[in-house]
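Structure first, then comments.
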Amino acid sequence: MTTVQEAVPNLIPTQDVTPRPAPKKVEAGVKLRGAEKVARIPVKIIPTEELPKKPDWIRVRIPVSPEVDRIKQLLRKHKLHSVCEEASCPNLGECFSGGTATFMIMGDICTRRCPFCDVGHGRPKPLDLDEPKNLAIAIADLRLKYVVITSVDRDDLRDGGAQHFADCIREIRALSPGVQLETLVPDYRGRMDVALEITAQTPPDVFNHNLETVPRLYKAARPGSDYDWSLDLLQKFKQMVPHVPTKSGLMLGLGETDEEVIEVMHRMREHDIDMLTLGQYLQPSRNHLPVQRFVHPDTFAWFAEEGYKMGFKNVASGPLVRSSYHADQQAHEAKIKL
């Protein structure tokens, strides 16, 4: 089997003796990004000298419109965060211009150090108990019909933040009874049972948790996470709330092979996952995991065809696809087929 170092040549194990700066002490509320964020991960990242040139099929419109500014102002007004901004999503302009956003709850500081992600790492502040109400007010102000709620990882919380998700769902439904809610949850490491018990009592309309990459690359891309744990989380939720569609996604371009992607897709179906997203990984900075390949649109289309053959109710597969991209359309198609 190909080693992580062979598949991802810009990564070196931590036993490498090359001198590097001492990791910065993490203080509560201080956000670490870039080199400081990834200083303690198991596999060292050598900063990329130059970001790779994107192919012609990856072109993103600059997000400039009155609607983009309006939504940003509304988020600041209610002390909210959008994953669109925090994770530097390439679809920010399209989604904001269309009057939609994916909300990120429980702060903007994550307890994990995933080197593909542009969200900052650190010791989070205590939960904002007013956030569920503020989120509900913002969604009502925007008159949204479909909302995606995600979060940073909160390994500091006994339930991983599951109760906060439930509180947000209740507040939103109280002010916007017709809204459909998709939650994109963390893996609830070490807290699966308690988190799922809470979630099952106040379930979303779609339950989403991303596998992100193939198991061979987990040590490099998802330190602190476990591939089989994530699959079990999705399957156990489905067993508890069988009428709610489950969803997961992968980034392509981290060093995986097409065969590995197909194998993960099969494992997803074995764990009763209904919906799939596949998108191109784009390196946020020179201190993040390097892009190993740009997957051609034809290959994304082939993955979609294979996914439907496997029985997925909906497959969104393309270079700029992200978990919440056109999530309302995905959910509509999936529920029609359930």
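Going from the start of the chain as shown, residues are counted 1 onward.
Using N, Cα and C of the backbone, Cβ positions are placed for all residues, glycine too.
As annotated by Swiss-Prot, region 'Disordered' applies to 1-22.
Here Swiss-Prot flags Cys84, Cys89, Cys95, Ser324 as [4Fe-4S] cluster 1 binding site, drawing on sequence analysis.
Taken from Swiss-Prot, the feature domain 'Radical SAM core' applies to 96-313, supported by sequence analysis.
Sequence-distant neighbours of Cys114 ([4Fe-4S] cluster 2 binding site) (same chain, 6+ residues apart, CB-CB distance under 8 A): Glu212, Ala221, Arg222, Pro223, Ser225. DSSP assigns Cys114 ([4Fe-4S] cluster 2 binding site) to coil in the three-state reduction, placing it in neither a helix nor a strand. According to Swiss-Prot, the [4Fe-4S] cluster 2 binding site annotation covers Cys110, Cys114, Cys117.
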Next item on the list: For Cys110 ([4Fe-4S] cluster 2 binding site), list the number of other Cβ atoms lying within 10 Å of its Cβ atom.
Entry: 25
Check: Cys117 ([4Fe-4S] cluster 2 binding site) has how many other Cβ neighbours within 10 Å of its own Cβ?
Finding: 24
